[in-house]
Amino acid sequence: MRVILAQPRGFCAGVVRAIEIVDRALQHHGAPVYVRHEIVHNRHVVDNLRQKGARFVEELDEVPQGAVAIFSAHGVAQSVERDAQARGLDVLDATCPLVTKVHVQGRQYVAAGRTLILIGHAGHPEVEGTIGQIPGKVLLVQSEAEVAQLDLALDTPLAYVTQTTLSVDDTRGIIDALLRRFNDIVGPDTRDICYATQNRQAAVRELSKEVDVLLVVGATNSSNSNRLREIGSESGVASYLVADGSEVKPEWFTNVRAVGITAGASAPEEMVENVIDALRALGPVDVTTMAGREEKVEFKLPSKLMQPLAAREV
Ligand code: 0CG
Ligand code: SF4
């Protein structure tokens, strides 16, 4: 069987930074440090950090007064920031800078007197964070159909921002529907969808032309990983989301000559290796990597974590 690895795939700069923040917080402060929500949506990442002494909680009331609390890469509402301050927590913010950028942009639109629409998926922590970072009411739109249901005068001054991990194609459709319906609406087009999401989707679209089956390594609660699987399916390729090799099913590969593998932005490369090992257990495989875009994005760590350990201990 041929195995073709997508390029780019796996960790993005925001995920690398978020994991590094937890690692360094453990080195600087010692265990435990508390992380609000999964630092990124991947059980293997979370388990690994838990073993090193991180404790994962869903809400800050589970964090003892004065402890170190880290916000996940998906961002938090301002009410969470206020709550952390009120509890005297030592906060490290691992919100991806590209999510923060959307928060800032949303606030600017509201300050300019526009009613804000957020294109995104209800219940996702990034969406909850973004809604809670913007003063006043934010209208959530999840589909083209929901554009028609917006109860707004057609000349209302509007603006939109989007979740960072959406399908570029679906978002394009929603934005077009908004532009068709409303007369005074501005927004970033699909540019709020982050570089990593866009590049992984473009790579999978290409890869889908070459393969009979697509495996996406990632978690079921990972928005960007789910979007990659959908693109495979929409391209007519049988596509499966797997956390690791243990979820790979032999019956998926009957009469299959080429398998594509990609990984969501929160999925470690070790899990890609683990999936390849599971395929090797079924028979000989020839692994190659597609030609693809190189990514050079890197984000700075919070300044609190930049000082060398020795200097802090003096
Ligand atoms: O793709 P989403 O927003 O669900 O997040 P995940 O943790 O999977 O990946 C990158 C981040 C943050
Ligand atoms: Fe940031 Fe995009 Fe990665 Fe999310 S997927 S952490 S927005 S770079």
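Quick reminder: no glycine exception, Cβ is built from N, Cα and C everywhere.
In TrEMBL, annotation is done automatically, which means it is predicted and not curated.
Quick caveat, the model's predicted, so the values are computed rather than measured.
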Original post:
Of Ser167, Ser246, Ser266, which one shares the dimethylallyl diphosphate site with His41, His74, His124, Ser222, Ser223, Asn224 in TrEMBL?
Top reply: Ser266
**OP:** Whole-number Å only: compute the distance from the Cα of Asn224 (isopentenyl diphosphate binding site) to the Cα of Cys96 ([4Fe-4S] cluster binding site).
**Re:** 14
Subject >> Close in space, distant in sequence - Ser223 (isopentenyl diphosphate binding site), Cβ under 8 Å, 6 or more apart >> reply: His41, His121, His124, Glu126, Gln163, Thr165, Leu166
Original post:
Around Thr164 ((2E)-4-hydroxy-3-methylbut-2-enyl diphosphate binding site), which residues of its chain at least 6 apart sit with Cβ under 8 Å of its Cβ?
Top reply: Cys96, Leu98, Val99, Val102, Glu126, Asp192, Ile193, Cys194, Thr197
**OP:** Fill in the CA-CA distance, Cys12 ([4Fe-4S] cluster binding site) to Ser266 (isopentenyl diphosphate binding site), as an integer in Å.
**Re:** 7
Subject >> Listed binding-site residues adjacent to ligand 1, that is, members of His74, Thr164, Cys194, Ser223, Asn224 whose C-beta is under 6 A away >> reply: His74, Ser223, Asn224
**OP:** Filter the binding-site residues Cys12, Cys194, Ser266 down to those with CB closer than 6 A to an atom of ligand 2; keep them in sequence order.
**Re:** Cys12, Cys194
Original post:
Can you list, in sequence order, the residues of the same chain other than His41, His74, His124, Ser222, Ser223, Asn224, Ser266 whose CB lies within 8 Å of the CB centroid of the isopentenyl diphosphate site?
Top reply: Val40, Glu126, Thr165, Ala219, Asn221, Ser225, Gly264, Ala265
